[in-house]
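Database features, via TrEMBL:
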- 9-396: domain 'SLC26A/SulP transporter' (DOMAIN)
- 12-32: transmembrane segment (TRANSMEM)
- 38-55: transmembrane segment (TRANSMEM)
- 62-80: transmembrane segment (TRANSMEM)
- 86-107: transmembrane segment (TRANSMEM)
- 119-137: transmembrane segment (TRANSMEM)
- 169-188: transmembrane segment (TRANSMEM)
- 259-281: transmembrane segment (TRANSMEM)
- 301-320: transmembrane segment (TRANSMEM)
- 341-371: transmembrane segment (TRANSMEM)
- 391-422: transmembrane segment (TRANSMEM)
Amino acid sequence: MKNFSTKYFKSDLKAGLVVFLVALPLCLGIALASGAPLFSGIISGVVAGIVVGLLSNSQLSVSGPAAGLAAIVLAGIATLGSFEAFLLAGFLAGIIQIILGFAKAGILSNYLPSNVIEGMLVAIGIIIVISQIPHAVGFDKMHEGNFWYVNALGDHQIFTTFANTINSIHPGAVTVVVVCLAILIAFLKVPFLKRLKSIPGALIAVLAGIGINEVFKATGSSWAIGQEHLVSLPVPESMTAFWNQFSLPDFAQIGNAEIWVVAITIAAVASIETLLCIEAADKLDPLKRYTNTNRELKAQGVGNMISCLIGGIPITSVIVRTSANINSGGRTKIAAIAHGVFLMTAVLAIPFLLNLIPLASLAAILLVIGYKLASPEKFVHMWRNSKKFQFIPFVVTVVAIVFTDLLMGVGVGLAVSIYYILRGNVKLAYFFKRDNHKEGEIVNIELAQEVSFLNKAAIKQTFVHLPEESKIIIDASNTVYIDHDVLQMIKEFVNFSSKERSIDVELVGFRKQYKMENSQTHVVSTSPEIKQNIGLNNIKTGVKIPSSHIKISELSNI
């Protein structure tokens with residue numbers, strides 16, 4: 001019971017209820033967008049909440065069917081010819097994820113820059129707000145599959161649907177969303193309501209939305225919200241009909257190569273999205289805990305095996321549910337488990353009551369969550385507290401995710417971030433110092449502690465622009481690693497290029513394994529012993545500056 005704590009039990013239950021309200025329409029919508037039975041979305045939501053919640057090491061992440069997998073599921077079902085064959089692919093994907101967990105593939109999440117993660121969170125907040133505005137005004141022509149969804153053809157739906165809302169405003173839905181937003185904001189701002197921690201504002205907002213719409217219907221008002229704008233949960237007429245909603249994988253097709261291709265695709269995408277979400281959840285965690293990502297991959301694998309074994313669609317850790325959990329006061333995994341229990345109980349006991357909930361009420365909850373993730377203060381904070389090489393990847397990530405999808409956007413942001421990292425690494429290849437001695441001016445090039453192939457271009461340009469008949473010392477006293485290509489280039493410069501240009505080159509501090517003879521005869525040295533005695537900054541005749549500050553024009557004037 002090490003991973004359970006009752007310290008935050010009340011706040012976890014409240015958060016679990018809010019996540020349940022958020023997850024319910026998403027489970028249904030993503031199932032429909034995936035071309036799968038609606039009930040399969042409910043199955044995956046319950047399994048993700050209870051099973052993954054129990055096995056996961058993350059205290060805050062919440063799993064479920066993900067919009068990012070919708071296109072893959074839709075294409076997979078079409079390719080394999082049946083939903084049962086696809087369930088087998090999902091089951092095998094779970095096994096692959098478990099193998100990835102044991103192979104410690106979760107370590108990949110440690111290499112995601114924080115500015116990219118921040119950008120991802122802000123982008124998701126923007127997408128939540130944009131995608132919920134149609135629901136808020138009663139335009140739900142494609143509400144089931146329109147939540148941050150890219151269809152099988154790759155056409156982004158959010159902005160198209162957003163534009164169509166102008167001529168489709170429903171006054172009843174607008175009334176509901178305004179009242180619900182007022183309630184939610186009041187619970188955030190009004191002191192005595194903020195102290196009512198046992199009563200979730202989201203629940204009050206949902207009940208208010210139901211009440212307003214029931215009044216509209218009772219009075220015969222044209223503002224009454226129709227069923228197409230309400231939660232639409234399957235209501236079986238008998239236990240037989242209920243059990244018929246479950247499906248089993250078609251294990252007879254395990255030898256089908258296409259099954260394995262789909263399985264590997266699901267495992268790869270689901271694992272990447274999970275690692276991204278876990279990294280984001282740890283960043284949002286008020287208690288600053290860290291998740292064992294390898295264990296998370298195993299938990300997700302078990303969850304996908306069980307979900308697909310009984311007719312559910314694949315699951316991942318999902319940032320929308322996770323952020324709803326954190327913003328609602330969730331602090332331990334009890335919240336995630338509770339949301340799964342609430343989902344299962346509601347489906348079994350009160351599906352007809354859930355179908356009274358206006359989507360506008362749920363849109364109000366998500367609008368508040370989206371604003372918290374993408375508030376203008378986030379941009380101001382990044383601008384004021386980071387340098388250009390951190391702010392630019394942040395903005396690029398935001399824009400790329402909003403206009404493409406999660407994986408593509410993160411990939412673009414990561415590429416830009418890596419560019420700035422490599423650019424900085426190239427500029428720190430060495431230090432450059434001039435010293436005046438009786439023999440004349442000597443250029444001292446001190447190599448960095450590690451010199452990789454990324455530094456080759458910078459060092460090469462320095463050699464090219466050294467003037468003829470100059471005197472150079474290449475100091476490797478502090479270097480513990482020199483890439484083979486760089487070492488070969490230095491050897492060629494010493495043995496050939498320098499002699500053709502009458503450049504006097506001396507080597508200092510090169511280790512025996514480099515097979516280069518140290519040949520210093522001048523006074524200048526930056527060896528550790530001399531640094532310890534006099535310090536580099538106390539060498540009166542020399543000025544030491546990083547290579548990033550060297551201008552080629554300065555070298556040519558030596």
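Heads up, the Cβ atoms here are built off N, Cα and C, so glycines get one too.
On a predicted model such as this, the values are computed, not experimentally measured, just so you know.
Touching of the transmembrane segment (169-188) and the transmembrane segment (301-320) is ruled out by the presence of fewer than three CB pairs under 8 A, sequence neighbours closer than 6 excluded. Contact check: the transmembrane segment (259-281) against the transmembrane segment (341-371) gives fewer than three Cβ pairs closer than 8 Å, residues 6 or more apart, which falls short of the contact criterion. Confidence in the domain 'SLC26A/SulP transporter' (9-396), given as mean pLDDT, stands at 88. With respect to Cβ pairs under 8 Å, the transmembrane segment (12-32) is most closely packed against 341-371, considering the stretches 62-80, 119-137, 301-320, 341-371, 391-422. In this chain, the transmembrane segment (301-320) does not touch the transmembrane segment (391-422); fewer than three CB pairs sit within less than 8 A of each other, excluding pairs fewer than 6 residues apart.
Contact count against the transmembrane segment (341-371) (Cβ pairs under 8 Å) is highest for 119-137, out of 62-80, 119-137, 301-320.
Away from its own ends, the transmembrane segment (119-137) comes close to residues 143, 146-148, 158-159, 161-162, 164-165, 168-170, 173-174, 177, 229, 276, 280, 283-284, 319-320, 323, 359-360, 362-364, 366-367, 369-375, 378-379, 393-402, 406, 409-410, 413 of its chain (Cβ-Cβ under 8 Å, at least six residues beyond either end).
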